[in-house]
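Student: This is the structure I have questions about; it appears just below.
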Amino acid sequence: MVRKMLIFAALACAVRATNAVLWVFLIPNFLWSLRKNRQAILTVILDTPCYSVITCFLLIALDSAYYGRFTFTTLSFMSVNLSGVSLFYGGSPWHYYLSQALPILCTTALPFCLDGLWTSVNGSGSSASRILVQLVVWTIGIYSLAGHKEWRFIHPLLPVLHVFAAKSLVDRSSSKKQAHPKATWSRNLPIRRGYVWFILATIPASVYIIFFYCSAPISVMSYIRSLPSEELEGGSLGFLMPCHSTPGHAYLHRPQLAHGGMWALGCEPPLQHHDVSLYSDQTDAFFDNPLQYLRDRFPSQVNTSFPISPYPVSPPGISPTVKNPWVHEWPRHLIFFGALLEVEGVKILLEQRGYIEIWKRGRSWEGDEDTRKGGVRVWKWHSSS
């Protein structure tokens with residue numbers, strides 16, 4: 001049983017190195033619970049470094065085989081993230097996980113989750129539940145030390161939080177349970193009907209967010225994937241939006257786009273010891289002046305053979321001495337957020353180059369930034385005006 005736990009711990013850390021935050025807390029607690037069993041303690045102490053070494057060896061072997069050179073992605077991940085480069089993507093206050101991340105993760109279960117945590121601390125919980133409370137506090141505390149915060153970072157805590165919410169729901173329901181239930185389902189489900197409806201109140205919002213809100217970046221991938229092969233040959237697709245705006249190749253799986261036939265604006269972080277406060281990526285350069293970018297970095301005429309762009313994005317690890325080297329060819333299709341057409345001169349320039357709108361989805365008000373609003377549009381070269 002102990003060895004199975006260590007194997008799963010090693011696999012969890014191999015998949016995502018930050019899972020070590022949880023296991024660094026759990027394993028010492030586990031050792032303390034075994035303090036009267038010396039044989040078990042010895043097994044954990046001897047097996048932990050063994051499984052760690054094996055896991056690291058397998059990671060190095062797989063990554064090195066993939067990249068064709070010695071690579072240890074876990075070490076690279078840790079060195080980059082500990083450098084503070086993540087602050088390029090924004091910082092959050094110390095209370096972010098308490099004031100924003102937990103409500104996002106738990107939604108309507110949050111009151112019950114907090115109640116379950118509180119009652120577990122105040123004597124009614126078992127020693128195991130108190131350890132889980134400490135795990136939640138430990139994990140949120142460690143992640144709160146970092147400047148860059150995202151709610152998904154504490155997603156591994158969600159099953160634990162749901163356990164506490166379930167405990168609260170059952171405890172609160174049993175304490176107020178009616179002597180003669182009115183409905184058959186209440187005898188099978190040990191939760192008060194009002195609590196059930198409260199928990200389910202999040203479903204309409206969830207359905208809207210999952211299937212409708214800002215769904216255009218997914219829908220455009222379905223549209224592109226449906227295009228005939230001949231329309232995807234050469235330099236076919238240009239995304240005038242940040243590289244992470246759509247699922248990209250992870251969704252398309254079209255071999256015609258495998259060798260530069262599709263590009264998007266780069267949003268690479270400052271890995272070469274840039275000053276984060278002064279650094280700007282390709283996305284910044286484009287949205288600072290979209291019209292000027294299109295005039296300076298694209299040809300004055302469309303090459304109707306649609307060749308692959310010579311330098312559409314910055315490759316990883318580019319020297320900091322190279323400043324804004326991007327050079328594009330006009331692609332057959334341009335994909336962008338509708339807000340781009342509101343920039344003075346952009347729509348006129350695209351029409352002059354022979355592009356027309358052939359597809360659009362989304363609503364004008366959707367998007368977390370002004371540059372990402374207006375839905376998603378696809379313009380295709382038709383003919384020169």
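Positions of Cβ are set from backbone N, Cα and C atoms, glycine also.
Grabbed the feature section from TrEMBL, which reads as follows:
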TRANSMEM  41-62  transmembrane segment
TRANSMEM  69-89  transmembrane segment
TRANSMEM  101-119  transmembrane segment
TRANSMEM  131-147  transmembrane segment
TRANSMEM  195-213  transmembrane segment
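Map these features onto the structure and tell me what's around them.
Tutor: Proximity of distant same-chain residues to the transmembrane segment (101-119), defined by a Cβ-Cβ separation under 8 Å and at least 6 residues beyond the stretch ends, is recorded for 125, 133, 136, 149-151, 153-155, 157-158, 161-169, 171-172, 195, 198-202, 206.
Sequence-remote contacts of a segment are chain residues at least 6 beyond its ends whose Cβ falls under 8 Å from one of its Cβ atoms, and for the transmembrane segment (131-147) they are 21-22, 25-26, 29, 84, 86-87, 91-92, 94-98, 117, 120-121, 125, 153-154, 156-157, 160-161, 163-164.
Long-range contacts of the transmembrane segment (195-213) within the same chain: residues 107-109, 112, 169, 172-173, 189, 366, each at least 6 residues beyond the stretch ends and with a Cβ under 8 Å from a Cβ of the stretch.
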